[in-house]
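A.B. asks: As annotated by TrEMBL, compositional bias 'Low complexity' applies to 1-14. According to TrEMBL, the feature region 'Disordered' maps to 1-22, 487-522. What TrEMBL records for 35-54, 74-97, 109-131, 210-227, 247-267, 287-310, 316-339, 359-384, 396-425 is transmembrane segment.
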């Protein structure tokens, strides 16, 4: 017993050591797996601290520009990979899915995008009437607010939707990579028959700076379907796009390690640039609160509920794997710039099928703007209340439909949604000169707007992935059942077929017959 006791002592100590080593290894493994997430969150916190510290130094515009330089590099790198990523991922995604699956998934995605955007618009209008952000706005003419005099030119609602359709079919694909079609107006002096002189507004087509992502998305989708139809002849080009896509994702994985540094300087420089945040919050606080509350309710409750209803899985566990793209969205205010990190994280952390993620996320980044719809509807209600205009049911309906439709064409860039608010205001007959108030707080609200935009895309991809896997399992089950039935039927035929019985009887009676007679019996 003493010997056993001595033997057990070292063994227990070794086991304990192994347990401690295992815990340490587990901790190291966790840090290694989540290093990027922890660094990104640390970058946001460090950026706030850096901005608060440097703000006291009273830097000039040139020094602030130098401070923002590392953040500017991050934005440039992310924008650099958007074009190859969108085109190649959509071509390879559309080519990898058969036409029936493509149509089915596309239909579900369209219904999801339109449904969630309409819900977001309805939520924003309801919150606007409950909170009444425009009723308590004060000190709005204070010069310290830093209100910009540059208000987007108001555009006719019809021309806005016609521009959207024109951009779907770009006249030049190369130009679509950096220019977008937009309608502007020229005022002409005309003499009427009665002798009076009138000014007439004539629409004129122009090209403005900015990638025509809508046209590129449609072209890439149609090209992928066409390559699939070609069969063997299109295989080489499909392989080229697949390889290009994988190479782009490798570039993205390298860029991701620079994200924490870039985010730190982006957030820090933005805090230094702020004029008088206390005055801004006290003057437009209710509008800021109402917008962010709308984003919180839609992103934290409504979208996860839709995901849970469709998949019966925990949505918050799914969202936990996407902290890095959410932090990127918060810092960059650009859903297009967040696309590379979103594709990488949703595939690696959440196991979404590449064919689904690379097909649906680029489309979602272009047409699904839940956060923008909330921001635009809230801004329309805010400006109406500011001008003491009581919105009637017809105007509310116009706001909902126009916000849902115009969010499709909203540019996935910082302050891209402000341009579409002008369309809504024009549609319901409100003045657009109050848009400078929205621009003053856009840098705050636009951060949560972008986070909700990319969250909606991610959860949509998760739902489609679940439905696709479910259909695949059902097909496999059907095939198994068919095989089992076929085997059972073949066995029963062998047992009951009169030919088999006849053959056995004949073979017994004619065992000594010649081969030819055996063949005839068979």
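Yeah, the Cβs are placed from backbone N, Cα and C, and that goes for glycine too.
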A.B. asks: Any contact between the transmembrane segment (35-54) and the transmembrane segment (359-384), i.e. 3 or more CB pairs below 8 Å with pairs at least 6 residues apart?
C.D. replies: no
A.B. asks: For the transmembrane segment (247-267) and the transmembrane segment (316-339), check the count of CB pairs under 8 Å (sequence separation 6 or more) and say whether it reaches 3 or more.
C.D. replies: yes
A.B. asks: Give me the stretch from 74-97, 109-131, 316-339, 359-384 with the greatest number of Cβ pairs under 8 Å to the transmembrane segment (287-310).
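C.D. replies: Ranking 74-97, 109-131, 316-339, 359-384 by Cβ pairs under 8 Å to the transmembrane segment (287-310) puts 109-131 first.
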A.B. asks: Between 74-97, 109-131, 316-339, who has the most Cβ pairs under 8 Å to the transmembrane segment (359-384)?
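C.D. replies: By Cβ pairs under 8 Å, 109-131 leads among 74-97, 109-131, 316-339.
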